[in-house]
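Chemist: First the structure, then my questions, so here it is.
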Protein chains: 2
Amino acid sequence: MTRFEITILGCGSAMPTTLHNPTSQLVNLNEKLFMIDCGEGTQLQLRRYKARLNKLHSIFISHLHGDHLFGLPGLLATLALLGRTGDLHIYAHKEVELFLNPFLKYFGNQFPYKIIVIHLDPLHHQLIFENNAIRVFSFPLKHRIPTNGFRFEEKERPRHIKREMIDFYNIPLSKINEIKMGADFETSDGKLVENEILTTPPAPPRSYAYCSDTAYYPEMVPYIKGADLLYHEATYAETEHVRAKDTFHSTTRQAAEIARMANVKRLLIGHFSSRYNELDKLLNEACAVFPDTELADEGMKIVL
Amino acid sequence: MTRFEITILGCGSAMPTTLHNPTSQLVNLNEKLFMIDCGEGTQLQLRRYKARLNKLHSIFISHLHGDHLFGLPGLLATLALLGRTGDLHIYAHKEVELFLNPFLKYFGNQFPYKIIVIHLDPLHHQLIFENNAIRVFSFPLKHRIPTNGFRFEEKERPRHIKREMIDFYNIPLSKINEIKMGADFETSDGKLVENEILTTPPAPPRSYAYCSDTAYYPEMVPYIKGADLLYHEATYAETEHVRAKDTFHSTTRQAAEIARMANVKRLLIGHFSSRYNELDKLLNEACAVFPDTELADEGMKIVL
């Protein structure tokens, strides 16, 4: 099966700690790497966890707070040192250009590759990327500044053709692909064999939803519905729910409520406030509402 | 004695590795912290080695290559989160403003403290900072872009007054300071006691010289002469001397030659190329020319 794997590079929040790096993640879909957010030190995390930088396809920046993007300059410069030539697409809110362009003008004039910035729409659900294997959607979250969540959704895959049916009906190679796509097969003596006899259905398409940073925001539920994995920030424990509200962050229970409403398969919480050295309490609070919850951690890989 | 201590926060070079952080150092003089360079991840290193961020006095950027300054955005933002109010002076080449100002315009408009950029002169030896304890000089190095070295030089300290002489001559408190500064003392019956009888000389002023990045450049010798400690880059082993020359970096022997010519007390080499996993060879090469050489390492503290 095609690889669909999430690697957590950092799951801390704004104040740096020696326990957690600022936010960054990698989505590996069939050996293409999509990066979500790029906090300071991300390029070092990529090295630590042996990510193949030459497979980096594009970068998605959820919002323009430093702990989600201060790793960009170093990463972009290192890609240049490594001799990257392929275009790099960066999806971000348009204001990123106010400081990214002056940076690129000074440091990037000899980069051997091109950076293409694609503006995120902070107000609407939007298809922002599509290839033959995946669609990436962006949707609004609720934070102090424009912030978007992302959903990586595998496309419906071809049906599996049964080996023994190929032999039995003597199906020529030229017909295999269309049968995988759902076509029936006509034998040489004119008999129609229905697709369902020849194939088994593909595994259902997998999807990953990323929501950080955000206050409690049930309006996002339609966009993350049924995801195999939801990463939702849980910056604070329930005791800090007032502070969570004031800073437009979520508590553990709120993250779990969203997971429950969206009927996702698993919930991963992260973006932990630097005040927590132990995270058991956060996990327990979330699990009380949504049992299939895990704590994010640096270096964690989740295979969907 | 007043504390004069160097902490190595990073001694790697442009390509990040899991062995070394990019360049940054702290000079602690009497609990004021002067930072030299600020590569990506510096704020994390500060935390790792328990530096007191509220004691950060100013930042000196040797040159505008990313591995010497991509940690600035994160550090400046964190200082704001921590509620710093005192001005922060950043010494750097004027071109820093091309990308620092757009950054500050976007991220810094609510910083509770002011950032004051002071332009380095890339061509001349210059006194750039002075207080009652220290002078900081900047001087040209030889690199691909304008690059400066720095010398932190303690001021001549007061002489030590001998306890027993205070008692013997009944010296009033009001006279102590001027005697420490070298004055003689006249007793109540008019007898002149020479300062040398009353005091012992202070320890000689200490100094620290920092030279990175640079090609072999004997012209710097007058500016680093006799330093108690010289940090000099040694990006490459002797086998790579052609590459060193092409990239305007130094080899081990070249760093050691400079130390020998400048008659410094100790040499610390750093800015190691990512190609070296083991550094013994680099140390041996430098020691062959200048025996009092040490390898820099993250977390290393050197007390002068």
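Any Cβ shown, glycine's included, is placed from N, Cα and C.
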Chemist: Per TrEMBL, what member of A:Asp213, A:Asp228, A:Asp246 joins A:His63, A:His65, A:His143 in binding Zn(2+) 1 at one site?
Modeler: A:Asp213
Chemist: Do you know the DSSP helix, strand and coil residue counts for the domain 'Metallo-beta-lactamase' (A:206-272)?
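Modeler: Output for the domain 'Metallo-beta-lactamase' (A:206-272) reads 28 helix, 18 strand, 21 coil.
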Chemist: Return the residue, from the listed binding-site residues A:His65, A:His271, with the maximum count of other C-beta atoms within 10 angstroms of its C-beta.
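Modeler: In terms of Cβ crowding, the pick is A:His271.
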Chemist: 10 Å Cβ neighbour count around A:Asp213 (Zn(2+) 1 binding site)?
Modeler: 27
Chemist: Please report the Cα separation of A:His68 (Zn(2+) 2 binding site) and A:His143 (Zn(2+) 1 binding site) in Å, rounded to an integer.
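Modeler: Rounded to a whole number, the Cα-Cα distance is 13 Å.
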Chemist: On the 0 to 100 scale, where does the mean pLDDT of the domain 'Metallo-beta-lactamase' (A:206-272) fall?
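Modeler: On average, pLDDT over the domain 'Metallo-beta-lactamase' (A:206-272) sits at 98.
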Chemist: Under DSSP, is A:His68 (Zn(2+) 2 binding site) part of a helix or a strand, or is it coil?
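Modeler: In the DSSP reduction, A:His68 (Zn(2+) 2 binding site) maps to helix.
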Chemist: Near the Zn(2+) 2 site, what residues other than A:Asp67, A:His68, A:Asp213, A:His271 in the same chain have a C-beta no further than 8 Å from the centroid of the listed C-beta atoms?
Modeler: A:Ser13, A:Ala14, A:Pro22, A:Thr23, A:Asp37, A:Gly39, A:Ser62, A:His63, A:His65, A:Ser212, A:Glu233
Chemist: Excluding A:His63, A:His65, A:His143, A:Asp213 themselves, which residues in that chain have a Cβ inside 8 Å of the centre of the Cβ atoms defining the Zn(2+) 1 site?
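Modeler: The answer, listed by sequence position, is A:Ser62, A:Leu64, A:His68, A:Leu141, A:Arg144, A:Ile145, A:Thr147, A:Ser212, A:Thr214, A:Phe248.
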